[in-house]
């Protein structure tokens, strides 16, 4: 049975109020219900649910004001979790005295919380793909608040540190999903400032924690430190329930398809369901728990840069043990005043955000010159600057923390450390993502687990190291490690391309990107050729000829080499052998196209009515496509999978005008890892096509 299409007439979708989108995520209106979906509404050929034109439920179509409100909300949710991780440390002496415990046991409250950061992301990210970001935010943040509340009434140190661990595990949800929310709403080119704000939250929170916690603890006691944390996360939990709509497109469209099926009695499925099939939670967990370790231990790039980032991350959390020693024990400051010592680190972080905003202009220029495919090494210059700043700050701090030297010199040493830390983290994150495009989620999941484990370990031995070596040489140890790592960013900037060629997975990712780049270039050529062919056919049609180019027999079963739209950060596995087979077919097809003699027959058309076909051909709305169409078991061509610049699916749901989310090897276990990069997008339209974006499918159907 030929594929049919649900008829509709041109319309402007009805607007949806903000709260209707929060509490009714499907966004079904008469416009959605009557839209022109491909398919026939049967189990064998369901209607394929995609974003309608100017869909108000598409996060990419939201106003800038709404997107920035949501960005601020999720960034604050992440900051609160980071704040939670360190504010506890401000009550150290009070907790030790009340429970009669020792420093190492108290410090477990920080270490186990950070250890939860290593476990949580591997759990919540796969579940967010199945149930959506909104639901997972509501559940995990509510449980985080409950565990924080339970810590207020802890009767002993054992229950306190256990509650801290579970709070960290559930609090890790913003680490996995907040960045994904931003990626859902902002096209790649508009994402820089939002991501700079988001990237600062995990570092700003730990710095604010000791400042606030110090004054609260010395004023009303350590239980009120946990009370302030509980109030902070509780207010944000309520705000998330009220103001955070679902932003993950595959979940929105899947729920919309289910609602339409229930309402109409026909069969609807989202594009992701049709093209990728239904993925079980077990399959997602299998990928998220196994692949990161393979990449961590088999790829030198991943291992070396993860070690470097772990040293920096561990040093940050080590400062929570070092600063009380230097400023409270040595200088005699109170707990509240001692927390203010972190202001120097905070100033450096703000400076790094400003520097990244300025440097982003350089990267955008390189990216534009490379037609959207800037080399990963273009990410590294900020890391080179940051790598030098970090040891300067640590060595400065080590030799100015004498009581005889003014306190300002010691606090000011935190500025270059904070400045360098943010620059290095953001640059290396992006470098790893760009280098391992199709494996990026697993690479950064491994990186996150490793640095969280190191971050959990540092606070445990810092007090003993300071007792044994003294405040000067103990600070010099991470300083020496930072000096050893200074060449890393420069070496990867200079020789990264050669190194990646010798790394199996990096080389495989590079080959994939090259194929995408080549396809994008061919797409522009095909678009121009398609216009010429259409003009020629219109002329032939006016003479009475209605010939259509015959598909090559050997390519009938070939799936569309244009990678399918995978809405949002989720990627789907594409086997290497299949990619290589498609590459060979590409070469063979190009050779066949060079032959002068080409057999031409009438191609089956979406509409079987000869009168309608003739009218559409004459009007130019039905054009011959220079393409490869796959054929189903009934012998009917699947036009929705045809590779053609003029027939490709709209990119509105995948990241903005002129961009299509590519299908990759990855089933994303860590949504945060796939943001603020260009790696999952390819350009598929010519400049002329980009200017025509917006009329799209509607114009072609009229």
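Here, residue 1 is simply the first one shown, and the rest follow in order.
Cβ from N, Cα, C; glycine included.
Per TrEMBL, compositional bias 'Acidic residues' is recorded for 522-535. The annotation compositional bias 'Basic and acidic residues' is assigned in TrEMBL to 536-560, 587-598, 689-702. Residues or ranges marked as domain 'Major facilitator superfamily (MFS) profile' by TrEMBL: 70-497. What TrEMBL lists as region 'Disordered' is 519-565, 587-606, 636-669, 682-702. Sequence annotations record features per position, and here TrEMBL assigns transmembrane segment to 68-90, 102-123, 135-155, 161-183, 195-216, 222-244, 301-327, 333-358, 379-399, 405-432, 471-492.
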Whether the transmembrane segment (301-327) meets the transmembrane segment (471-492): three or more C-beta pairs under 8 angstroms: yes
When counting Cβ pairs under 8 Å to the transmembrane segment (195-216), the leader among 68-90, 161-183, 405-432, 471-492: 68-90
Distal contacts, the transmembrane segment (471-492) - CB-CB under 8 A, six or more residues away: 301, 304-305, 308, 311-312, 314-315, 318, 322, 325-326, 330, 377, 380, 383-384, 386-388, 390-391, 394-395, 397-399, 401-402, 424, 427-428, 431, 462, 465, 499
Among 68-90, 222-244, 333-358, 379-399, stretch most in contact with the transmembrane segment (135-155) (C-beta, under 8 angstroms): 222-244
Cβ contacts under 8 Å made by the transmembrane segment (68-90) with residues that lie 6+ beyond its boundaries: 107, 109-110, 113-114, 117, 137, 141, 144, 148, 164, 167-168, 171-172, 174-175, 177-178, 181-182, 185, 194, 197-198, 201-210, 212-214, 216-217, 225-226, 228-229, 232-233, 236, 239-240, 243-245, 247, 317, 320-321, 324, 335, 339, 459
Mean predicted confidence [pLDDT] for the domain 'Major facilitator superfamily (MFS) profile' (70-497): 88
Tertiary contacts of the transmembrane segment (102-123), as residues 6+ beyond its ends and Cβ separation under 8 Å: 84-86, 88-89, 92, 95-96, 140, 157, 160-162, 164-173, 175-176, 285, 288-289, 292, 317, 320-321, 445, 448-449, 452-453, 455-457, 459-460, 463, 669-670, 672
Long-range neighbours of the transmembrane segment (379-399), counting only residues six or more past its ends (CB under 8 A): 312, 315, 348, 352, 355-356, 359, 362-363, 409-410, 412-424, 426-428, 430-431, 434, 471-473, 475-476, 478-479, 482-483, 485-490, 492-493, 496
